[in-house]
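Notes follow once the structure below has been shown.
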């Protein structure tokens, strides 16, 4: 019993720190959906983020209960802790599964969408939603083209409305410190030369794998808390839990 109480006491503090880590991951996913969700219009990319935020909020009272039970507990507290741990496991496993699913599924969809948008780019801010999306992605990620800046040369060769500008790339490829940059390929030092696809994939994988391992690790800790709480329940008379 003393060991179980000690474990619960430690896990209570760990849960508070875990809530911050989980909330951070959830917010990253939500912000990524806000910034780049237009690339995945038919997905529920923000869902694992909201599940993680909900789990982070519930982790706070769970940590309080775990610490309280480790010091002086009642049957109602032990029962409430078991319920909270069960809810948390459901939320976190759902978030981890979704994060893993998106990590596997999204890269191919991401590439096909970006290939299409960059190919259809018309070079104007006022015409076409796709063109605005391309400019937003290039500015946010500080990149140029899908694979690299030379993609715009291929697009110019294949698209008649860009033939007159074949020595230029969109102005959204320009580095901010060069205010007079007009996308001239004769001044490569003024342009972002890395491709957008790899940058977006790297960021996407980092966020989703962070979510997956964060949720999985916390779920393991919660199962350990459940076992410790179960040991303490074992020494409580069964009739005390009849109301549950």
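Every residue, even glycine, has its Cβ placed from backbone N, Cα and C.
From a predicted model like this one, the values you see are computed outputs, not experimental measurements.
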Key: Per TrEMBL record, range annotated transmembrane segment [choices 181-206, 207-232]   = 207-232
Query = Given 83-104, 105-126, which one carries TrEMBL's transmembrane segment label?
reply = 83-104
Note = Close in space but at least six residues away in sequence, with Cβ under 8 Å from that of residue 144 (disulfide bond), the same-chain residues are 138, 152, 169, 170, 173, 191, 192, 193, 194, 195, 196
Task = With a Cβ cut-off under 8 Å, give me the same-chain residues at least six positions beyond the ends of the transmembrane segment (7-30) that come close to it.
result = 45-46, 48-53, 55-57, 59-60, 62-71, 92, 95, 99, 207-208, 210-211, 214-215, 218, 221, 224-225, 228-229, 232
